[in-house]
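Here is the structure we will look at, set down as structure tokens.
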């Protein structure tokens, strides 16, 4: 009787699981299908979605061949790491179909690299892939239609075939539910992706709930059908409780073993650190995690600005290098953007492999509110504009770079003391800045020149820099008028633009995973988000899935920074923040109106490379050309180039032509040569000092 009840409960449990799984799968299919129908009627989706699957924030399981700009400059260690990652990652991937992800040659490739070097073989394979996908969907459709019939006919077979493995077991071993086969078909699972989507969480929660409910029924049935064994267990419980009460407290302490200390004496290495975000499977990797996982060195430097904000300056160190590069991100971004494409597609790794000491800057503006005043209010923390980025954040980080580099080079190369007498910087520092970072670095250079302070930079490479925004989309124009009109009322109520609660930040992180799992839903979200920014075809869904948008922290933007951008757009000039009061402006700038930085472009004394994106609808090429025109008229050594890029492609794209161009501009800056005569001079000084010391000892 016990065995029959176990069989009935097991079959019922599997039936309930299958029914709930298929119901949830049908709902997801319905949502995906409706999204596909809506997507089919939306205009302009071809150009918007062309880069949708061109970037993913994870090291690729088979990286592309080394690009041209790395073939001669990559270090042997990082080349070994690259080859090792290609060999190891392929073996750990779970393939759901027999699709091939390699070209016919021996060089591995990714879907991104195949776009730039498509061959006739890949085009021929696309037909077979299409046929296999079509066959799979037809098979799934028939399986869904015929599922009730197969389920009813399979009940007798399940009752006859399910037998317990041992006589003492109370539950037979059954095959895993059908839902795993369905979800493994269209998805390539990578070991580096640590997220679960909302749908996957629902599957897991349903399975846990069903297991818990049927476990209660199973134990209840066992107690009813086996009263002797139940009474024996109850007697054992009561007797053990009485014996515990009779024992002394000391004996009880000696006999108890806390579960928290079970692994402390285990010599085997372990990385089990159970945290809340790990149980929820959100991706909370930092820039440090990405850099160290790829085998590169890492260093974190805390920088405190003059107004008390604590910034994180991250570094891929080459301590003896006499050429350094400083990379600064744009709005709602972080240093993660410069390393998100892995070892062969990221500007930070490209610069390091070319021999640069790489510094990754991070602007102020985090949900965690990093400040020396731990009790600072949200209203006080978010009270900053782009002025503070250019006059507080960047100066603090560059001065810290100068302090670190000068100290390290002096310790490793004592002959640099002779060069300091000529007030020469012992290293060359270039800056690569994107979007808002470009506006901030221009503001930094101009204000430092006005204050007659050194800016320590040798070259600027500005990727779609902000500053001029009068030629923008209709949506941005509406936002400009709303922000300017409601600014005095919204600033006290909403000082920062970010997701305030941990739950909604976690939900965003998980939804980004679902958008990647279900192409039609992700495509619809991508299209709608692209409409908001004027049809820009950047990978907005991929950017939303970046790991620095996690439940613990995320970058935000101050309302005053948004108001500053609206002021620039309204004025049609690259102006500093207008405080709305002539007296305050006079106190800050010395004039009743804020400074027009475009009028001071003549103070820029370093070469500038301006790069625009032909498909960039956030900062259009006409606005970048406005920078170029004013700099050219002011006599600045400036170059202009344009690529078929959207706004986020400057940091996220896998295509190598931009990296090749950026690296070629950096290589134009020659580091200061090491003077051979300094070592001879030091030797002569040592000899003279030794002679002086011996003569002094002689006279004494």
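The backbone N, Cα and C atoms fix where each Cβ goes, and this holds for glycine too.
Please treat TrEMBL annotations as automatic predictions, because they have not gone through curation.
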Stated TrEMBL location of region 'Disordered', expressed as one of 47-73, 74-100, 101-127:
101-127
Which of these ranges is annotated transmembrane segment in TrEMBL: 137-160, 161-184?
137-160
Expected hit for region 'Disordered' in TrEMBL across 243-279, 280-316 is 243-279
Looking only at residues six or more beyond either end of the transmembrane segment (27-44), which have a C-beta under 8 A from one in the stretch?
199, 518-521, 523-524, 527, 535
Across the domain 'Partial AB-hydrolase lipase' (288-342), what does the mean pLDDT come to, as a whole number?
93
Please list the DSSP helix, strand and coil residue counts for the domain 'Partial AB-hydrolase lipase' (288-342).
10 helix, 20 strand, 25 coil
